[in-house]
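J.: To start, I am sharing the structure in question, which I have written as structure tokens.
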Amino acid sequence: MADGEPPSTDFRPSIQLRAPTLRTDEAVPAAGSTPQDRIDSHRLRRLTRRAPTLGRQPPKHVKVREPSFRQPAPGSSIYLGSYRKSPQRSRASLGDSPGTPTPRDSVPPSPRASISHLQLEHLLQHVDVQLDTYGVEEFRDGFFDASFFRPLPRDRPEMMRKASETLPATFSEHHPLSLHNFLPEQWHEVVTFARQISSTRGGVKLSKSFLGYFIAYIICLIPASRNFLGHFSYILAISAILNHAGRTVGSQIDGALMTIIGTVAGLGWGSLALYVSTSTAGARLGYGGVLAAFLVLFSGTISWLRCVYLRFFQAIICTGIAMFFTNLADTSQAVSWKKIFSYGIPWVLGQLIGLIVCIVVFPDAGSRPLAVALHRSLQTVQGGLILPREDAPSTRRELAWNFVNLSQANRDFSIDISISRYLPKDIRSIRNQIQGVIRSILAIKPDTALFGGGDVFNAQLPHTGGVVLNLDSTSHEASSVPQGTSAEAVRLVREVLAEPTRVMIESMSDAVASADAALMDLSGYRRYLGPPSTILASNPVILSRLMANMDDFDKLDSSIIGHPKLPLTYADHPEVVELFLFLHPVRQAADKVKILVQTVIAMDKTRGWKFHLPSYPFTKSLLRANAQVRHDRGGATAGFYFANRKQMEETMQGMQSEAYVPLPRHDITEVLDKKTSMGKNRDGCKGPDVGKNSEGAQGFTFRYRLWALLHRFQGFESRFALKVTIVTVLLSIPAWLPQSTNWYNENEVWWSVVTVWIMMHPHVGGNVQDLVARTICCILGAVWGGFAYAADNGNPYVMAVFAALFMIPMLYRYTQSTHPRSGVMGCISFTVVSLSAYNHTGSPRPFEIAWTRGTAFVVGVVAAVSVNWILWPFVARHELRKSISTMLLHTAIIYRGVVARYIYYTEGDEPGSEDVAHSEMLEGRLREGFVRIRELMELTRHEIRLRAPFDPLPYSALIDACENFFERLVEVRQSSLYFQPFMLAGGREATEMLIGVRRDAVAAILMNLYILASALRSGRPVPRYLPSAAAARKRLLERMEEAEAEHASFEKEPRPEKGRRWADVYQYAYSSALADIVEQLQQLQKYTKEITGEVGFDAVDYLKPGI
């Protein structure tokens, strides 16, 4: 092809290994040539021969009889590629070739393999499948050889239209960076603030926070207490701000202890630094260098600990503030130890004030947040039980969010001290039961035709197109027995089961509502949270009614078994199958609801207030923080995302750190005798990944431990520590230089270092909007603090009024809004400026105090945000792309596990209850992952992008496709538990027949996921040609059809009629879900290419849209 010439439209990118073939016009090798020469000659002609184009008739081929020669030399296997004579017919003979009739007259329709044939047809449109292998199959030591076809064209407008339907609800609101909507948004915030403090619990919480601060502020205004507390009396009010009283009692106690311990540690380290810097004459000459060395060591260490152990966040923050105060405030070679007490005593008093206010004023013993989470989840469950309904994504996302929120609420309840009627062990049980109900509701297909509403053959039901999907294991002659039509069968199911199903669903909803009422009664917050008093709490009567309705349903369900109007084979009547696929999950959900109500009734017998110490595992609690600390810390959305990602990586590490060992060449019988599944990782063969398995393989050598330690220091914790150390040291240098010490001390510029310490975040440094908001809050606080003193020349009463007017909205912003860090800077700025002016009566002037302290705060804010922008910045859109890549990899790992554990297992190794529990745990964490990724996508709206506006549509559609892939995978796992896989029942011969195509079907999906994930992570274009999962699945189904025809009696034991029905129904669901997985994989390909671009033949094809 000439340079620049576009690729020919006749080129067919179908790469297949073929057996040696001869064209009719080619010469046959000489009779004396060796068999190896024949093979090499044929291979050379095949590689140099142009593939037949689509526009002309392909040349005729003659199948050559396999030469009968002896085993070739060992070296020849390198070129032969481990060819093996296939015991089956060629692939082309198993399926329909284009333009040729089907050669299956003697083969009966497959009872199982034909389920997904029709669903795959539209996935293989415009694909010229030439899969003739001429009786030769390529095993390649257990690896696979992919099939590549021309990718389907992408209709971008239609793709974006569908993508817009997947956006979260927040994207329908006004853009947060819109100047046109800036003032309306501010007015909306004011209205929201007024409504929150007047009609919700937020008003009580704000009252407690303000009361604790206001008492401390008033004490600082009293002359006698001001003289006692000393020059830095405002530390008392700062202490009341950082550990405000608007918390639960347990959280307040924990915060008081943490902040006091941290303050003592900071003052101790700072005192040690001061002592060493003045211990000798030489040290006094270079005291600035000594203090800098102590500061560098201390800042790096506590910054690293701040990232790792979130439990000690309050202690570490207070440690840093105390240390910076000790080493930077009133710095001189003559140390005044009095300032240690002038900081420590006000801090302890501030904590005591906050603790007293928290306990005395409307105390929250710790169970209210848990009660709110339980109430919301049960209300969402009731909404999910409104059946039938449209299968709206918003409902599924709300159920998934409550699934995640329940675990978080239980963790917050057990991590702190509490006084509650709830027992921690009961709450864990209730959480598991409610999550089980949510999981069952997610398995229900809500848009059912069971209750009428139109023709049963409408478009919403699967269309068979005349293809018989024979699921039953009965022989072909049994299918010829006269049976009723699909309409009659549907009418029968409706008449018999529609009413008892409706009654059972109503009973389930009533039972959930009664459980909600009982839990709220138990918490003591029912009159504040609901439900209304008309709903009766859980009692044996409601439970008995539910169980009676379940029994009625079971009796009627059993009564129609064997009815002559029901088909003997369910798969050729998909309308009936869809009805049963709705009935069975509903019946399973009823069992979950029954267990939930029983648990609530048992909890009701243990009424009474009890004192509970923290029950969360200690080692895990070190990595967690309670709800209020997470909020006050800022960056909660990103924090949840990174915590979930770390948890998922640790969970998946043990599943992926095992090395794959190829199976012995041509040793299928040995593998089957050892009951070893194809592709199964061997025990004891550990991979190179870092993790538990690798540690065991390395034997904990010193070299490995040193590598692990150094590798640990490459994480985000060390990067954060480096950033904090750089900024704090640079801003501290003027305090130790003789020419700048005086103005540094007089103007208290050390507050800029404290501001950096408070504002820096391990993950989210802040965007332009955050920078502007924090700067404005600092300036407002400084200006308002100056006005407070200048209004009446330091009148305490006037200053108290100014404090109330400013601090009420600013404390709300700090303690309850989504902008806590700007709120806390406004509070600190006002407090420092106003009380500094009050303590420095007369000199310097209030205006000078306001602008110097205010400038220090602004410098600290700008320095913190700027460094986070320059060094390892957090960019939400980049993290979003990487997070989707990680989720694709995790989905691939789970897909591999489901295939190996639930589908292709050997006899005697069936999945047990522990396997199911482990799978549900993994699925729960992946559900949380999708919740966190969508929350991360919302952060992209707050980032300014100079190149072009960020387009969230392909990302949202890609997340939705990945979640749909995951949901279909869950459906496969659940469905596989209700029928006997053919691989197990067919025996060794069937396994040998299917092992190659089974490998290709699984590997094609895995390779697609790996390629897409790698392209997203690296930001590089996706290859134009990807392995065709649809073609691989089609070949597997065709091979299964032949295998089942040869092994007609693949049921080892006869099953009862009811068991046969459920097995057949779930076989249909299982196969449909596998076909849907292939379809979702194509959606993943399309939207990934939309994000990263696609590799083509020309240089221009490498250009890709911005990511």
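A Cβ is built for glycine as well, from the same backbone N, Cα and C atoms used for every other residue.
So TrEMBL says this about it:
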- 1026-1053: coiled coil (COILED)
- 743-866: domain 'Integral membrane bound transporter' (DOMAIN)
- 1-113: region 'Disordered' (REGION)
- 210-226: transmembrane segment (TRANSMEM)
- 256-275: transmembrane segment (TRANSMEM)
- 287-305: transmembrane segment (TRANSMEM)
- 312-329: transmembrane segment (TRANSMEM)
- 341-362: transmembrane segment (TRANSMEM)
- 720-737: transmembrane segment (TRANSMEM)
- 771-791: transmembrane segment (TRANSMEM)
- 797-815: transmembrane segment (TRANSMEM)
- 850-872: transmembrane segment (TRANSMEM)
J.: Could you give the residue numbers and ranges of same-chain residues that sit at least 6 residues beyond the transmembrane segment (256-275) on either side and whose C-beta is under 8 angstroms from one of its C-beta atoms?
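T.: That would be 239, 242-243, 290-291, 294-295, 298, 312, 314-327, 335, 337, 340, 343-344, 347-348, 351-352, 354-355.
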J.: For the transmembrane segment (341-362), which partner among 210-226, 287-305, 771-791, 797-815, 850-872 gives the most CB pairs under 8 Å?
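T.: The listed stretch sharing the most Cβ pairs with the transmembrane segment (341-362) is 210-226.
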J.: Please figure out which one of 210-226, 287-305, 312-329, 720-737, 850-872 racks up the most CB pairs under 8 Å against the transmembrane segment (797-815).
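T.: Comparing 210-226, 287-305, 312-329, 720-737, 850-872: 210-226 has the most Cβ pairs near the transmembrane segment (797-815).
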J.: For the transmembrane segment (771-791), could you work out the same-chain residues 6 or more beyond its ends whose Cβ comes under 8 Å from its Cβ atoms?
T.: 755, 759, 798-799, 802-803, 806, 810, 813, 819, 821-823, 825-834, 837-838, 846-847, 849-851, 853-854, 857-858, 861-862, 865
J.: In this predicted model, what is the average pLDDT of the coiled coil (1026-1053)?
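T.: A mean pLDDT of 76 is what the predicted model shows over the coiled coil (1026-1053).
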J.: With DSSP as the reference, give the number of residues of the domain 'Integral membrane bound transporter' (743-866) in helix, strand and coil.
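T.: Breakdown, helix to coil: 98 helix, 0 strand, 26 coil.
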